[in-house]
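A.B. asks: Straight from Swiss-Prot, here's the annotation block:
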type: COMPBIAS; residues: 747-763; note: compositional bias 'Basic and acidic residues'
type: LIPID; residues: LYS563; note: N6-myristoyl lysine
type: LIPID; residues: LYS689; note: N6-myristoyl lysine
type: REGION; residues: 747-780; note: region 'Disordered'
type: REPEAT; residues: 731-748; note: repeat 'Hemolysin-type calcium-binding 1'
type: REPEAT; residues: 749-766; note: repeat 'Hemolysin-type calcium-binding 2'
type: REPEAT; residues: 767-784; note: repeat 'Hemolysin-type calcium-binding 3'
type: REPEAT; residues: 785-802; note: repeat 'Hemolysin-type calcium-binding 4'
type: REPEAT; residues: 815-832; note: repeat 'Hemolysin-type calcium-binding 5'
type: REPEAT; residues: 833-850; note: repeat 'Hemolysin-type calcium-binding 6'
type: TRANSMEM; residues: 237-259; note: transmembrane segment
type: TRANSMEM; residues: 267-326; note: transmembrane segment
type: TRANSMEM; residues: 364-410; note: transmembrane segment
Amino acid sequence: MPTITAAQIKSTLQSAKQSAANKLHSAGQSTKDALKKAAEQTRNAGNRLILLIPKDYKGQGSSLNDLVRTADELGIEVQYDEKNGTAITKQVFGTAEKLIGLTERGVTIFAPQLDKLLQKYQKAGNKLGGSAENIGDNLGKAGSVLSTFQNFLGTALSSMKIDELIKKQKSGGNVSSSELAKASIELINQLVDTAASLNNVNSFSQQLNKLGSVLSNTKHLNGVGNKLQNLPNLDNIGAGLDTVSGILSAISASFILSNADADTGTKAAAGVELTTKVLGNVGKGISQYIIAQRAAQGLSTSAAAAGLIASVVTLAISPLSFLSIADKFKRANKIEEYSQRFKKLGYDGDSLLAAFHKETGAIDASLTRISTVLASVSSGISAAATTSLVGAPVSALVGAVTGIISGILEASKQAMFEHVASKMADVIAEWEKKHGKNYFENGYDARHAAFLEDNFKILSQYNKEYSVERSVLITQQHWDTLIGELAGVTRNGDKTLSGKSYIDYYEEGKRLEKKPDEFQKQVFDPLKGNIDLSDSKSSTLLKFVTPLLTPGEEIRERRQSGKYEYITELLVKGVDKWTVKGVQDKGSVYDYSNLIQHASVGNNQYREIRIESHLGDGDDKVFLSAGSANIYAGKGHDVVYYDKTDTGYLTIDGTKATEAGNYTVTRVLGGDVKVLQEVVKEQEVSVGKRTEKTQYRSYEFTHINGKNLTETDNLYSVEELIGTTRADKFFGSKFADIFHGADGDDHIEGNDGNDRLYGDKGNDTLSGGNGDDQLYGGDGNDKLIGGAGNNYLNGGDGDDELQVQGNSLAKNVLSGGKGNDKLYGSEGADLLDGGEGNDLLKGGYGNDIYRYLSGYGHHIIDDDGGKDDKLSLADIDFRDVAFRREGNDLIMYKAEGNVLSIGHKNGITFKNWFEKESGDISNHQIEQIFDKDGRVITPDSLKKALEYQQSNNKASYVYGNDALAYGSQGNLNPLINEISKIISAAGNFDVKEERAAASLLQLSGNASDFSYGRNSITLTASA
């Protein structure tokens, strides 16, 4: 019940009187005189409210002083009686259970009974958490109760004055104002008793069905009855409806009044039937009051009846009023269906929540339906009143009665909801007492069991995917909205959890029921942030399957934050580091990519959680997340990956390292970088007017707000590093470095040492520096710079530029790969293979070897010097090529589809081949050209063949087979040996790598599919 001030009471009384005056304004003089006289008769009984205190009353919880002080503030007269309480109740109230009575002094409130009622509400309020319309708080105070009674009395008694007018006009009977007032007092006593009943055990659903049946068989009311029967099936909905059964009796008032065509006997019979057969004795006081008014009013006016019946049938139930309630039932059914699986896994919380929504939904539906019917009846009477003067006072009376009932309904609704919530809370408490475990934690256990069932195929295959013997999988079950909702409903927000983390073990495609026997220590401690795999005898994968919340303890406190508002606040006593002890003797994999390392603490401030990982002597792999880490890799060949999640803009620096494998890694998180962040969120749950906000930890994969964060990793004894998907920077040490750029346009410098640098995807720049380096461009348009030393450069796909530096002793391999590449050799002996595409090859001043295959595009060889340069046409027969001079260049054409076209440059252009004849001191010629079978063309043999053609006035071109100097399969062996020596020297390959690289550049003996013979090739000379 809301707190009502004296001013509001005065305003309500004034409004009721003004309404009556307005109705009277259009009436005749005799009507006005009658109303005035009736008002005078009832003034003493109706407008005087007295708090009666017997001499033997001392006061209980709400002290006598509180009652007296409150009555004074509200203008309620306080009287002390010399008689004791027993004598007064017999004289005035007839029973000790009545709260309000009527004497010649006025309307009296019996102080002992009021105090008893207050105590009952206060106990109920404490039991229910203080949330039912200020039960145990404001309603527990005398002021609110007294003021509410005063408001009800004022409204009802004002209507009684209008009832007297009807009596005088229609029947001339002699019904005194005191009789009407007594009937009103009986109504209020009954409604107060009904609203105060928290333990009524009658089944509301059964009564509702009976009521619909009775109304369906009652003349003029069958339409409304049918609609009531069409309510959702509420049978067996639960004991939560027990608190509503008494309230339903109030509906009888509206229906008895609404049947204006029924005679007095019918109305009386309907009242008795509704009261005794359907509602029992609960509505007796209300029915007595209504029957008394029926006798006084004589509602048989035909003009009013037609409009009234039509209005009631049309307006009785509005579907819009029940949409939200229907959704509530629908959701409850879905939750109940969802709960079936988890019941089997040992958790009944979802079913409990579904029951709560069904029970409170039934309460909501019933009360909403009652209120809707009451409102529609009142509206119907108001409509009828426009055609009849008699209808006007009837409308005012019904408005007063329905207003009183609606007030009781509203004041009782919250208590009903809380009653249901308390039952659910009792179930939870009993379960925890029996099992010695947190109920909501048990809910997460069930969720995790279902997760394991649903994802078994994936989880059981991780050991194969990562090539290990055992998988140790850590899973975080995050905040569950249904579990959180149940905690809020039952006022258990301080007992719930943000989730729970679990550890599971898999071997040979099977989940182990318990941890392996060799684990003597605690493997996983999420409170302290410790993970210990040091006992493991197997190669192991440590993987965080779902984002893991930061380590630490959650502390919760539930407090009241408003009139009906409660909040459960969360404090995290966090640990700022994860400490991981790795497998000692077996190579293992540590996947930290789902580890949350940033926790938002408000105002764009973040708490960082580092990873400290102590690995063993095996060949380990580490996948890092977006936060800082210290990796002590130990012995073995260890690899650290930054490309499995967004780890920011990466700079790897080994320039200051004093030991091999030591790097400082700086990462900038900001801009477009998204990282896993732990955040605190709130779930809000409503139980009627009570709202419960529960804070919990969750995570977001999002941008860092407002600023850039810089993270620093310290890596020790790490042999290989894989970058991010962004533009990374790598600066190598003076030792051997192995860097992978991964995706993005990377800048990689090996510096000193024999380095291996991989650009991977993106337009990368790789610089080997000093040392025998291997550089791999990968996809993209890359630039590879070999630096001093013997280098191996492979451009990969894309339009790449490869260049090497070094003196005459250097030996380098330059392989362009697919794309239009540019290859620049050194002063030493270089092996240049442009690959597919239209490439430029410049060998430099050393004795270089060029390589060309039939599937390549148009290559340009621009050789600047060297006295023993060679070209290997590895899969081409000289019978499939022709040579022709074009200015100072020599053009080699190759056959395509058995057609050799002189007008299409599809082979090789030898730049400045003939410049030496013009006095050029440089040697731009290739001293030996080999075909696949070891036959050789030299500059001299080619010159003679061209001169022969010219001197005999023949074509300006010459077939390769006609320009041979000598030929033998054995000529290939020295060439192969030279290629092998360059490969062996370049890039510091180990034995296996040498063989692999050599096989890529091996000469083919039978690669051509052409039919050889002068007439098998069609030669065209078109432009």
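Each residue, glycine too, has its Cβ placed from N, Cα and C.
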A.B. asks: Which is it, of LYS563, LYS689: the one of these recorded sites whose Cβ has the most other Cβ atoms within 10 Å?
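C.D. replies: When each Cβ's neighbours within 10 Å are tallied, LYS689 tops the list.
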A.B. asks: What whole-number Å value do you get for the CA-CA distance of LYS563 (N6-myristoyl lysine) and LYS689 (N6-myristoyl lysine)?
C.D. replies: 9
A.B. asks: Count, for each of 731-748, 749-766, 815-832, 833-850, the Cβ pairs lying under 8 Å from the repeat 'Hemolysin-type calcium-binding 4' (785-802), and report the range with the highest count.
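C.D. replies: Going through each listed stretch, the top one turns out to be 815-832.
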A.B. asks: For the repeat 'Hemolysin-type calcium-binding 5' (815-832), how many residues does DSSP put in helix, in strand and in coil?
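C.D. replies: Across the repeat 'Hemolysin-type calcium-binding 5' (815-832), the residues distribute as 0 helix, 8 strand, 10 coil.
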A.B. asks: Quick check: in three-state DSSP terms, what is LYS689 (N6-myristoyl lysine)?
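C.D. replies: Going by the DSSP assignment, LYS689 (N6-myristoyl lysine) belongs to neither helix nor strand, so it counts as coil.
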A.B. asks: In terms of Cβ proximity under 8 Å, which residues at least six beyond the ends of the repeat 'Hemolysin-type calcium-binding 5' (815-832) contact it?
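C.D. replies: For the repeat 'Hemolysin-type calcium-binding 5' (815-832), the nonlocal Cβ contacts are 777, 781, 786, 792-809, 838-851, 857, 978-979, 982-983, 986, 1000-1001.
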A.B. asks: DSSP helix, strand and coil counts for the repeat 'Hemolysin-type calcium-binding 1' (731-748)?
C.D. replies: 0 helix, 6 strand, 12 coil
A.B. asks: Under DSSP, is LYS563 (N6-myristoyl lysine) part of a helix or a strand, or is it coil?
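C.D. replies: Its secondary structure by DSSP: coil.
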A.B. asks: Across the repeat 'Hemolysin-type calcium-binding 6' (833-850), what does the pLDDT come to on average, as a whole number?
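C.D. replies: Result for the repeat 'Hemolysin-type calcium-binding 6' (833-850): average pLDDT 95.
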A.B. asks: For the repeat 'Hemolysin-type calcium-binding 2' (749-766), what does DSSP give as the number of helix, strand and coil residues?
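C.D. replies: Breakdown, helix to coil: 0 helix, 6 strand, 12 coil.
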A.B. asks: Across the repeat 'Hemolysin-type calcium-binding 6' (833-850), what are the DSSP residue counts per state (helix, strand, coil)?
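C.D. replies: So the repeat 'Hemolysin-type calcium-binding 6' (833-850) is made up of 0 helix, 6 strand, 12 coil.
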